[in-house]
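Remarks on the structure that follows.
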Amino acid sequence: MDFASILEAGGSLALSIGVFAFAVWLNRKTNSPLLNPLLVTVAIIMIGLTVFNIPLDSYEKGATLISSMLGPATAVLAFSIYQQRKILQSNFLPIFIGCLVGSTVSMVSAYGLCELFGLGDQVALSTLPKSTTAPIALAVTGELGGTASITMAAVMTTGVMGAIFSPMLANLFHIKNKVAQGVAIGTCSHAVGTAKALEMGKLEGAMSGVAIAVSGLLTCFIVIAATSIM
């Protein structure tokens, strides 16, 4: 049995978990924001597949369990909203406006930059939902006729960049309000950023989780409204 067959038989799942565990250990050991666990995991697996000349399809077949959990993981976001319903009620307007502005700016800036650099409508449409969590982003891309692989690359890059730079930006602009920090991180960098927000504090993490759900819904509504007008 060759290595590709082992991956197809479920080795990819074990490999992904093992590499991610190593990446988490490395991040904690070095305490470097640049060594984000997701970024390190993707880099190691990509290098491994390239060096051993293993088709991506073989890797994906053995890791279908991971991708199949994206939907349920997104549904769990509703529980975050329920848990923090009191804070959400008392801060509803700031949270709603923050998510609305953040989602709109994210999509407009993504489309504008793609047009500015002449990347074409296909890439522009694929990067529109880059700040939402993966299942929502893929659904939006499907609605727009974008390319799923480009969308996933944009989503991952946005999340990693948010996790790396969000604490620095919060300090730079003297944002001390924990609710504001959480909403900003969740709106701009979805689940990957939320992992960092949880490191910053329980309230920041909870608000980031709420922002993922709210901004995801708003992104869907904005896209539906925009496509109906167009």
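Just so it is clear, glycine is given a Cβ too, placed from its N, Cα and C backbone atoms.
Residues or ranges marked as transmembrane segment in TrEMBL: 6-26 (among others).
The transmembrane segment annotation in TrEMBL covers 38-56 (among others).
The annotation transmembrane segment is assigned in TrEMBL to 62-81 (among others).
Remote same-chain residues near the transmembrane segment (93-113) are listed as 124-125, 127-132, 154, 179-180, 183-184, 187-188, 207, 210-211, 214-215, 218-219, 222-223 (criterion: CB distance under 8 Å, separation of at least six residues from the stretch ends). The transmembrane segment annotation in TrEMBL covers 93-113 (among others).
According to TrEMBL, the transmembrane segment annotation covers 150-173 (among others). Sequence-remote contacts of a segment are chain residues at least 6 beyond its ends whose Cβ falls under 8 Å from one of its Cβ atoms, and for the transmembrane segment (150-173) they are 33-34, 36, 38-39, 42, 110, 122-123, 126-127, 129-134, 137-138, 141, 181, 184-185, 188-193, 195-197, 200.
The transmembrane segment annotation in TrEMBL covers 206-229 (among others). Tertiary neighbourhood of the transmembrane segment (206-229): same-chain residues 74, 77-78, 80-81, 83-84, 87-88, 95-96, 98-100, 102-104, 107, 128-129, 131-133, 136, 139-140, 143-144, 178-179, 181-187, 190-191, 193-194, 197-198, selected by CB-CB distance under 8 Å and a gap of 6+ residues from either end.
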